[in-house]
Amino acid sequence: MKKIKVRYAPSPTGFLHIGNARTALFNYLFAKQNQGEFIIRIEDTDFSRNVEGGEASQLKNLRWLGIDWSEGPDIQGPFGPYRQSERLAIYQKYAQKLLDQDLAYKEFQEGHTTFAIRFRVPTNQTFAFDDLIRGKLTFQSQEIEDFIILKSNGYPSYNFAVVIDDHLMQISHIFRGEEHITNTPKQIMIYQAFQWHLPQFAHMTLILNENKKKLSKRDANIMQFIEQYEKLGYLPQALFNFLSLLGFSPLSQTEILSPQELINLFDVARLNKAPAMFDKTKLDYLNNQHLRKLLPEVIASFILQKKYLALTTAPTNYKEWMTKFVALFQDRMHYMQQITDFYQLFFQSTPFLSQEATHFLQTNPQTTLILKTFYNVFDVIVFEKDVIANSIKQVTTQNDFAKKTLFMALRIGTTCKMHGPSIALLLELLGKKQVLKNLSYVLEQAQKF
């Protein structure tokens, strides 16, 4: 059996787009699942679209996602070069072979000596192939006019170069977007003209936006580049997980899957024909689930490295403080930069009460006494989580306050919020000075009623 070998062949037009990342990922999953090879080739012959640094950016983001390759422009290999701009002599050689067999012809521009080369489309022929996702697809040659394979500047057309490269690089399977379906009959013609064996094609479903329209780079409300997610602190394994599910339904009881689990589960028979929906809420959920699996100190190290939280005065033992802070909010975190939102929510220097909190103070006359009690207790204790928790327990058991009222008054009084995470650890991180300041402010407001 021929060894399975697939490729991802981007143009260096900028950052790695989520659609292209999905294409790379499906090729990678298929190769790994079948102990095959995954390679990278750069299609850079359209210089007007190339962006400086685009190639390096794409490769960096693929590696960040957890995708590796055995051949490519950065590591070379036995079938290079791996940039189309460095393979022009190869394309010209094969174009000449078609000219020699009268399977192509020169087309001169009027008044010029330069010419393009067009492929002669066979007349009255049917071209069919078995798509691994969509089944048998058929095209008639009369629907296609003679097409350019080599431009007058000596550069190949996409459909010509891709066939030459895929054959010479021994590509066995091609996973790509459904927009390439119409290119396939032209490519089949070229394969047949050279009497080369066809690779197997799999045309993946479209990715739709929330309005069920094809995802476009003009969709400003959707972040569309992998680098944007990396900068916000999404985990690569979570993006890997999310992108893998855009058009693939694994045979699994859970959608929260590691890269290795997705490799093991990947099955072409379970690739969908129906369009996939880009659901940001689902991505946030998956990232949250992957974040929950990490130790707080791992997330804390990343947050410190990325400098998401730029504090004017950092707490003593900042990494230890950050680890505790992460532990407090880890279950609520959709991405790591969100730590700044949690900090701003609770660690504000100027206390402020919401309308809801103010209403609670107005309608619960016990609040003032509860707040005074906690102020007096917190003023004299060592401000550590276990000591704080024990002090709260003592106030609860030694006084006749209604429990629900007591705990709500405690949370409002110490944090100026109606809701929040574990109170004892939160108060330790806020620090005694801020907690007493909050209590004084809320007491002052409560005494007005």
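The backbone N, Cα and C atoms fix where each Cβ goes, glycine too.
As annotated by Swiss-Prot, motif ''HIGH' region' applies to 10-20. Same-chain residues lying 6 or more positions outside the motif ''HIGH' region' (10-20) and placing a CB less than 8 Å from one of its CB atoms are 40, 42-44, 46, 49-51, 54-55, 57-58, 61-62, 177, 207, 215, 217, 224-228, 243, 278.
Per Swiss-Prot, the feature motif ''KMSKS' region' maps to 214-218; the stated evidence is sequence analysis. Remark: secondary structure over the motif ''KMSKS' region' (214-218) totals 0 helix, 1 strand, 4 coil, with classes taken from DSSP.
If you look up Swiss-Prot, you'll see LYS217 marked as ATP binding site. Neighbour count (other Cβ atoms within 10 Å of the Cβ, all protein chains): 11 for LYS217 (ATP binding site).
Here the motif ''KMSKS' region' (214-218) has long-range neighbours at 17-19, 206-208, 224, 278, meaning same-chain residues at least 6 beyond its ends whose C-beta is under 8 angstroms from one of its own.
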